[in-house]
Every structure is written in structure tokens, then in C-alpha cells.
Number of protein chains: 4
Amino acid sequence: MSHYYRLVISCPDRVGIVARVSGFIAGHGGSITEASQHSDLATGRFFMRYEILADSLGMGAGELREAFAPLAREFDMTWSLHDTRERRRVVLMVSRETHCLVDLLYRWTAGELDCEIAAVISNHDDMRGLAEWHDIPYHHVPVIPDTKPQAFAQVEQLVDVTGADCIVLARYMQILPPALCERYAGQVINIHHSFLPSFAGAKPYHQAYQRGVKLIGATCHYVTEELDAGPIIEQDIHRVSHCHTPDDLVRFGRDVEKAVLARGLRWHLEDRVLIHGNKTVVFA
Amino acid sequence: MSHYYRLVISCPDRVGIVARVSGFIAGHGGSITEASQHSDLATGRFFMRYEILADSLGMGAGELREAFAPLAREFDMTWSLHDTRERRRVVLMVSRETHCLVDLLYRWTAGELDCEIAAVISNHDDMRGLAEWHDIPYHHVPVIPDTKPQAFAQVEQLVDVTGADCIVLARYMQILPPALCERYAGQVINIHHSFLPSFAGAKPYHQAYQRGVKLIGATCHYVTEELDAGPIIEQDIHRVSHCHTPDDLVRFGRDVEKAVLARGLRWHLEDRVLIHGNKTVVFA
Amino acid sequence: MSHYYRLVISCPDRVGIVARVSGFIAGHGGSITEASQHSDLATGRFFMRYEILADSLGMGAGELREAFAPLAREFDMTWSLHDTRERRRVVLMVSRETHCLVDLLYRWTAGELDCEIAAVISNHDDMRGLAEWHDIPYHHVPVIPDTKPQAFAQVEQLVDVTGADCIVLARYMQILPPALCERYAGQVINIHHSFLPSFAGAKPYHQAYQRGVKLIGATCHYVTEELDAGPIIEQDIHRVSHCHTPDDLVRFGRDVEKAVLARGLRWHLEDRVLIHGNKTVVFA
Amino acid sequence: MSHYYRLVISCPDRVGIVARVSGFIAGHGGSITEASQHSDLATGRFFMRYEILADSLGMGAGELREAFAPLAREFDMTWSLHDTRERRRVVLMVSRETHCLVDLLYRWTAGELDCEIAAVISNHDDMRGLAEWHDIPYHHVPVIPDTKPQAFAQVEQLVDVTGADCIVLARYMQILPPALCERYAGQVINIHHSFLPSFAGAKPYHQAYQRGVKLIGATCHYVTEELDAGPIIEQDIHRVSHCHTPDDLVRFGRDVEKAVLARGLRWHLEDRVLIHGNKTVVFA
């Protein structure tokens, strides 16, 4: 099967970037199968993503990175080149609400998510059977107030051991410690069960019910130190009415959460999400 | 043309309400063309709305009200009976952004809004031509910091004179004084250009842009003393991305605002919106 | 836990139906927790659905049916009374595309679908493991051109044996024989992977791709003899663009299909779907 | 105010196109403010659109076209270069349903549509007042069966005289003769009041009502000889239920039609729509 290099760049905008980068690729015979650019006029920052057919280039990813480095330096780029044969390693974290976990595992089985699932970590033991049925290691790390630091030290160690480069909080109802957020900045994806910035924090569907909103939502975002305030990747909504109880909102919400998290994670895994301050550029 | 009586009731829930009310209507030969009920389990409150073909009853609205009153007392009802021949009188208030005004006037002309438009009041004089082209009186009431109380006294007097029973803030960018809000409680409809409770207050599209949300919205609600906090009637959203500038958000938002306000106002005029604490029951 | 009686009625419209039915319920002390009515002006037909708290009545479902029968005859009603303790028995049929099956099983486990799943029948053996993990009998009934009649005789016998009152074609890619459609009229629910009536028949996503539509959809409908032409219960769509290949359409479509089928089936199981000629009244 | 050159290209895909085109622009100091590409894998065709800040280039549109021509020939491009100072000239055609016309005129006044409106042509005289209030010439060309050829000869002449390069059928309920379709291929935009390919032809909302669909829609497309079968630019939908009469569908439909036509026309005017066989590439 064909594999691809994904070249992702962010740099100060100036004349000629596209010409130089595309010229570089063409100069090596590279066939670009997908190209996206964005110039942010407010900040003067430029973003691009190229998907290049690997076999069209006469070199491997390492060699390509080396060849590209001088150009990257010249334009002061923040950049990465990702070979699609090197599949990302994802750790899924979950608490009692399991719909997102079940949904992601199904999508992964169906080939919708291009990654390895390195482990499932939970503060409960309920989903061990399902994880192991998928041949995925399951780690039960209870989190109780008295031993939180130890628990998260264990979580961090488990993530280290798996060599994961992405952590998905698939309705994991514990707050990660700031140090962990910082260490994995831009690699931890959360699904929040409200249309942020409305109803941050606990029990958002009950907050929504109390406020009498006519649409509920879910938000997929990168985790930062400040709770529910990180860069938003994707959001969606579901219509509700006076007929619906908080339980109905929770039920509708499950579907929105599943869909939003699955889209956000897929885009992240395909290098389509570029962080820009506290916002994202998403080349969906 | 047929006319209708709209009977709208809210009362403590108990067995037999529907039987007694529908029995009362049937006992007078009344043909119910539309019926809606809602039992709010959390508060034990019951809501209903009947649309009754007027000619099927052998009496006028006044007589019907009198005949119904004992039953209403028995069940401790808050209720109203509205004859569709008595068209509501609406005052539209607008500032510089005119898309909602233009949209409402078109819908009114096209027969989508069953009301009289008694007047347009604005703190600018720009839309006089359009209003007068529709044969609607236009009142220019400038609002400047020093003379706010006088300005709103004039607004109140104008509303009084028109005999209006509904005030629509169609992007009217001034805050009504508390006394006015209270006097017209449940009769003042505002369109706020965000998906409340996100981005209450000023410049919501710019707030949304700064936060990097992926959906923007608009909210139609009843005005209460607390800014942008009244009972929500209707909301909707529009998808945005990193490509879009604040100006794009404003442009998309115009379409959402128009649609949301038009739906909310139409439902209000058809007695489909029942206030329940700080929420609404909408029999749409 | 409380149980309910669901009274569902369709009859010629005339004055006093609601009064008589609600009077009957109230006369037995019945507490109505949800009520829906619809008068179809074009056909003069009336539809209603009551959800009645069983314990508020001093009688069982059988006694209630007997007591109600004279009234039903008087108004020439087509009607049913369903005790929620008598859970419906559903047979799921599936071919190679398993997303709907997996989704329904998860929702069933999560308590979203109030039914027994009596069996899974498939023309392939792939999903035996999953079904049996849920303790649901799995029947592999291969369908090949030469032995179709025998295969469907076997399917019919299996359905008979389970005592099922609902058959769900959860992406079952075989056409049921007319006799089976007729025998289970109004009880066989199909998910078609297009926004009907567009793209009936085979490979709808490829048809949609060829036509260059900007939205794809899915349709949940009752099966009738004429392929993809039965009463529609629910539909939804997903936005697509020139970027998307037929494979992308298939992938997006899976999510729409799951959601649409789950909603349609849930409404069916809750007696919310009333057939009206080749259309449906859905008291959602 | 800044103006822009919009370079729009379609050609056989091959390695190096982006490099050569972006190199050409950069070589003249051109600053690209927006860039879009698409490689259609099924047909091997490549599409691109560049928005270039005119003042960043040391030449006018004519000179730029001349300089670019050899490169265009080399890659066998179908291409155009459009100076945003040369505003397109649009003719709006309308019959009795005027919501799209009113909506387009408002958007045009509000600056959402970058074009001249050269004329309004109608087979009725009703909208003369509104057109003339906008200082737009209005032509009443009655179309009756006996004199159709003469009527359309007159329409064609009027379009010729205005020098229009875009004709919008804003609910114009007459079928254009094939010769006119052919002559203005890719320049005539229609709004059809259904979700095509469902319900092509007459009275689509009534067809939709009869079929009992749960969503209605509208489709903006280029007109070709075959009725309602041309390349689709944009579509959208609105949810309906058994409660809604054909009149309700018509009313909901008006909002969908307005929105869909406005988006489609805006994209056309901004050179964002590239025709690809009977489909479109839309760089929205």
C-alpha cells in the first residue's frame, strides 16, 4: 500500500513560501496529493500541510527531513514531517461513561483511525473485558483524593512505557495535574460535554437544563492547565426542547460527544490540526 | 376566513385537567384543530395550548372567557384566550444593523407574521424610508448618555400610544431600563448575537473569534433586568473555521439572527411560547 | 420501577374525541404523563398517543383494553394499548456492514432501546462472536441465488420461533420476499443509505458521488413490497464536498445511518410511530 | 482599497504544477492571500485558485495574463485571471415568488455580493417598484405559450445589452430555451426548491409532502439543457414533520432557498466554483 509524508509547517508569512516549499518538493519529483494553506491576516502567521506520495520521492523520511532543514531555518518554520508508516501510539483514558471508548474502538477496528492503541487506562475496572477483547492492555489506576499524586505518577509512567504520543480523555472524569498537561502539551485531547465556553466544569448537561438552552453541544479540545479552556478542535450540537429531561440531554449528548471526539482525534492523527496560540487551524 | 381561539394554560399538574378542559370545549361543540400539552415532572407544572375553530363554538371570545373562568379558578390556572381576529400590535426597535428589521418587514408583508406593526423606533434615522415605504410610523429617538432617561421615557410613551403588546429588539443596541423591562415582562423579545450563555454582553462575534469556537450562534429570548439572561425562546448556530475573520462571523451571524428572531417572534405571536420560571415551553 | 400503558389511536376526526378519551382515563383515575395529538386536515384523520402511569389506574392492561373497547368502536378507532412491562422482541438482520448492528447493541446495553433482542440473523457468519458476547442467539442463514426461497423460509421460521414483533434490517443487503413484507407490514424497519427518494436501490453513495450532491443522507423506513418506497420514519444528512471520495461518503454515511436507525427504532419501540397511508406520524 | 487578481486553473494533474505557478507569482513579487487546490484522483484533473494582492505585483491584469499564457499552454490549462476591480454584471430573473429577489437585493446593498446588478427581468410586473427603488432597470417580459420564442429572444437581447456575464434564476418559473442555456453555459445559476435529485420538475414541495419525507431542501445549480440536472453548487435542508402542511413546507423552503442561492451566487462571483464535468469543485 502507498504511504505518504505529511509535511506540516507554521511560520511568519512572507512572499514566496509556497513557491519555495513546492519547488523543493517538485525538485525531488514529489507528487503532492493534498495541499492546504492558511494565512492568518490578524497575526501574520502562515500555515501549510502537504501530503506527498512517498514513492514519488527518491528518499526516506529521515533524508527528506535533512534536505528540508535549511529551507525551514531560512523561513523560521515550526515544522514536522510525518511518515504515515510510523503509526501514532494512542492511550485512551476513560471513567464510567464508556460510549466514547466503545465508539473509538469500533472506529479503530473499522480502519477509521490510523494509529496504534497502546493502552486503555481507567480509574475503574469495568471496561477491562472490552479492551482485552481488542487485544489492548488495560490498566486500572484508581484515583482517590488521598493518593492522587501517586495515581498520576503511575499514569505518567504507563504513558511513558507505551511510548504514546497522544492521550485521549474519552470521558475521563479526573483533572490531569498541570505538570502532565504541560509535558504533553498539544498531545492530550479531551471531549467536554458542553458547547464551550458555555458550561465549563462539572455536570454541564444539568447546567444546560437549568439555563433552558435549546441546543446542547460537545467540544473536542487540547488540554491545557486551565480547565476546559484549551484550543478547540471541533464542536457540534443537538437540538433539545422543554420535553427533554436532563437524562435525555445526557443521552443526546452521548451521540454528539462520540461524533465530535472521533472527528477531532482523526484530524489530529492525520496531522490536520495546527495549534495557533489558543486556537486551532484545522485542515479538515 | 376562519378564525380561531387560542387557549393557553399553565397550572399545577393533577389528574383530569385535559379531560375537564377538552370536555368543556366539546360540551360547547368546539372543534380543536391543534392541541399541545406538557407536564414538567421536575416542577409538577402542567402546560397546554388549544387552537379551537371559532365558528364551531356558539359564542364569542368574551363569552367563552366568562364560561371558562370557573374551571380555570378550580385548577388554579394562569391562562389566556386569544381571538386570532384581534391581531397583536408590535413595536420594532432597531439601531444601525438593519438585517433583522428588513427581514421581519419582508416576512410581515409575505404573511408569515400575524400582527400589526405599530411602529419602528430607532436611535438612528437611517431606516425611515423603508418603514414609511411599508406605511409604518417611524420614530427617531436618539439615545445619548446625558439624556438616556428622557429618551426612554419617550420610548415608553410611544409604545403606550401605539397600544403595543409586544416589543421586538431587532438588534437594538441599547439596554432598556429595568422599569421598562419589568413593565413589559414577557412581552419584550431580543435577538442576541451569540449562542447564550456563551458571549453575553458586547461584541460577541469578536469574543467568539478570540476563543476560537467552531460554531457561532444566535439566541432569541425574553428580556429581563439581567442582561442577556432571560428565558430563551430559540437558538441556532452556523459552522465557522480558522478561515473566517470576525467580519465573516458577523456576516454568517446575520443569517442566523434573522432566522432565529423570525421563528421566536412567530411562535410568540401564535401563543406558542409559555414562560416557566427562567425557561420556556415552546409548542412549535 | 413505574410502568406505563401506551394508548395509541388513529380514527376519523370529529368533535369530542379527546374529551371522551381523556374523560375515560380520568374517570379511572389515570395520570397521563405524555400526550400527543395530530389532526390531519388533508385526510380528516385523527391520531393520538397517551402515556399513562399504570399504577394510577386500578386495573391491568387486559381489563383496561376491555373497558376501552366500546369507546374505540364508537369512534371507529384503529388502536392498541401497550404495557411497557411487555417488552417488544426484536430480530436484527445484518450482512457485511456491521456498524448499525454494533451501534444498536451498544445502545441496547446502555438502556436506550426498550426491547428484548431475540436474535441476530445474518447471511454471513462474521458477527457471531459479538452477538454471543451479548448472550444473543446468532443464526447464519446464507442467501445464494439458487436457494433464496429456502433461505427466506428459514428466516421466517426463525422469526416465528422467537416470537418477534419487530424485524430490523440493520444494513441487511438482501431483498425480503413480498410475502414476508406483507406478513410483517409495519413491523419491518430498514435503514437505507441515501436521502430517499434520491438514490433508491444499489450503491447509493456511488450514485450520490456521481451526481455531485453536496449533502448525503440516510433514511429509516418501514419495508413494503416496493423497494425503498415504504413510509419514512426518519432521515438525516451529512455535508460533503468535492474533496470527498466515495469511500469518504461511505464513512460519513455510517454515522448518519447509525443515528437515523437508532432514532427510528427507538420511536417505533416506544409506540411513537403511527402509519398513515404511505407516510408516518411521529410523536417524537 | 486593495484589489486582487483571482487566478483559477483546471488542468491535467502532474508533478510540479503548484511549484511552477507559485514560482511564477513569487518571481513577480506576488503576495498570495488565499490558495486552494484539489486533485481529483478519479479523473486525474487538477484544480487551483489563487487570490493575489494586486499591488504586490508590478503589472496590471492584462500584462499578467500575457506573462502567464506560456505556462498555461505548457500545462494545458483551462484558466482565467479576474481583476476584482472588474465587477461582474448580473441579471436577476424572477416570477411571482419574490423572496430570493428581495434577499439578493438586500445582500447586494449590504455588500455581501461583489457585482453590479445590471437588470431585473420578470414575466410579471410586480417587482418594478422594488427594483427601481434600488436604481436597477426592470424589464417586464411576459411569457405566454404562443409567443415564447419572441419572449426569449427579447430576454436574450436584454442580457446582451447589459453585457451581463451571469444570469440568476431567482425563482424564475419558466424553462430557458436550450440555445440560451448553451450560449451561457456555466453562467446561469438556478435555485431549485428541492433537494435534487429528489423532486425535480414542478411543485417539489407538494411532491415532498406526498412522499412524507422528514427533510426538505433546496439546490443551487448551473443550468444545462436537461431540466434540474446541471452541476450542483450548493444544497441545504430543513427538518419537517407530519404537523406541516404543504404551505408550511413552502414557507420553510423559502428560507432554505434564499440561503442556498445567496451562498452559491457569492461563491460564483468570487470565482470559487469550478465546473468539472457535471459536478463542481467549490473552494468555499
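Any Cβ shown, glycine's included, is placed from N, Cα and C.
In TrEMBL, annotation is done automatically, which means it is predicted and not curated.
Owing to the predicted nature of the structure, the values given are computational and were not obtained by experimental measurement.
Secondary structure at D:D228 (active site), taken from DSSP and collapsed to helix, strand or coil, is coil. Marked as active site by TrEMBL: D:D228.
Among the features that TrEMBL reports, domain 'ACT' is placed at D:6-86. The average pLDDT for the domain 'ACT' (D:6-86) in the predicted structure is 96.
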Taking the Cβ of D:D228 (active site) as reference, which residues of that chain separated by at least 6 in sequence fall under 8 Å from it? D:N190, D:H192, D:L196, D:P197, D:A200, D:G201, D:T219, D:H221
How many helix, strand and coil residues does the domain 'ACT' (D:6-86) contain under DSSP? 28 helix, 32 strand, 21 coil
